[in-house]
Each structure stands twice: as C-alpha cells, then as structure tokens.
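Step one of this worksheet: look at the structure below.
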Amino acid sequence: MMNFNNVFRWHLPFLFLVLLTFRAAAADTLLILGDSLSAGYRMSASAAWPALLNDKWQSKTSVVNASISGDTSQQGLARLPALLKQHQPRWVLVELGGNDGLRGFQPQQTEQTLRQILQDVKAANAEPLLMQIRLPANYGRRYNEAFSAIYPKLAKEFDVPLLPFFMEEVYLKPQWMQDDGIHPNRDAQPFIADWMAKQLQPLVNHDS
C-alpha cells in the first residue's frame, strides 16, 4: 500500500497551485471610484447601478462601490490609497470629475488629479478604467470642450480604456431623471447596470 505521506507530498504542489488559482479567481474585484452618479443619489446603495451590476455578475467579479456623493477628483484621490489597500482590486473604474466641473475648477487641475489617480492605480498593479464625463451645456462651449478633452487625453497617455458617459443615454429619457436634472433616478438604475455590463464585459472577460 502506498504510504499516505508520500501521496500527500506528491499532490501538495498540485493542491497549492489549485489553491492559488482559486484565490486569484475569487480576488477579482472591480472597485468603482465615483461620485453621486454611481453612489445612488437619494436612494439606497442597494438600488444603485453598481449593486445591480454586482447582482448581475454574481460570483464572476465582486463589485465594490466606493463612490461618494459630492466627491471631487481630489477627494477621490485622497481616499484611493486606503481603498486599494483594503480591496486589492484587479480593476478600478474612475468616474470622477463631474463635481470639479460643476464647481468651476480649472480643467488643468482636474486633469492633474485624475492623472495621479491613474498613476496610483497602476502602481498598485490594478487596471484603471476611465469614464468620460461631460458637463451641462450651460457651462459654456470653451469650458466644456476643455473639460471633456481631459478624458481621451489621459486614456491615450496611460493606454487605458475610455468608457462612454452613461448619462448621455439616460438624458434621452426624461422620466429617468431626478428633479434636479443632473442625477438619474431609481428607475434608471437597471438600465445603467445593463449598459455598463455591456461596456465592461470585454474588459473583464465576461459573457454577460
């Protein structure tokens, strides 16, 4: 009869490899670093699109929503190191800058902050995903153009995916908007979750 200890020693490297593979698969986390558009403004976090996306993906990828209503890019940057350490994400979706624009920050300032965010994400061996942000038309053409240009510039500079702004789809349905004309309401969240799943699917290697 084969000695049990010998069998265990023979299988130990294989078991160790299986364990590492399982842990790697279980560790795939998408961290969403955003503002009120992703935080679920005036609704419970469980009703917001990141939670619905997490439900949709089930165990394929864990979606951690670290979005806070009102956050500027600078505030997001300040929170990022602790989030990276705590969650050790594989991907970080950066949905920030809207509050910078609404407060009239200089586009160069927002650009530099977002650049630092992308640098920090890459330094943590995570993959940044950048979302295009656009401002209401009443902020003026010159400011809007300078602000909107930040995102493709940084996406090219860091060679990272640039996701379309999901609000451009939501704006087409007035019944999906809150009274402030800025934030999507609860009825819009399932659509956003499905739309984001389609955008993210080729980036995280999902079938749905």
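Backbone N, Cα and C define each Cβ position, glycine as well.
Look at Swiss-Prot and you will find 1-26 tagged as signal peptide, backed by experimental evidence.
What Swiss-Prot lists as active site, nucleophile is S36, and the listing cites experimental evidence. Other Cβ atoms within 10 Å of the Cβ of S36 (active site, nucleophile) number 20 in total over all chains. Secondary structure at S36 (active site, nucleophile), as computed by DSSP, is helix.
The feature substrate binding site is assigned by Swiss-Prot to G70, N99, with experimental evidence given as support. In this view, G70 (substrate binding site) is surrounded by 12 other Cβ atoms within 10 Å of its Cβ, with every protein chain counted. According to DSSP, G70 (substrate binding site) is assigned to coil rather than to any helix or strand.
DSSP gives D180 (active site) a coil state; it is part of no helix or strand. Positions annotated as active site by Swiss-Prot: D180 (among others).
As annotated by Swiss-Prot, active site applies to H183 (among others). Other Cβ atoms within 10 Å of the Cβ of H183 (active site), summed over all protein chains shown, number 20.
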In angstrom units, rounded to an integer, how far apart are the Cα atoms of D180 (active site) and S36 (active site, nucleophile)?
13
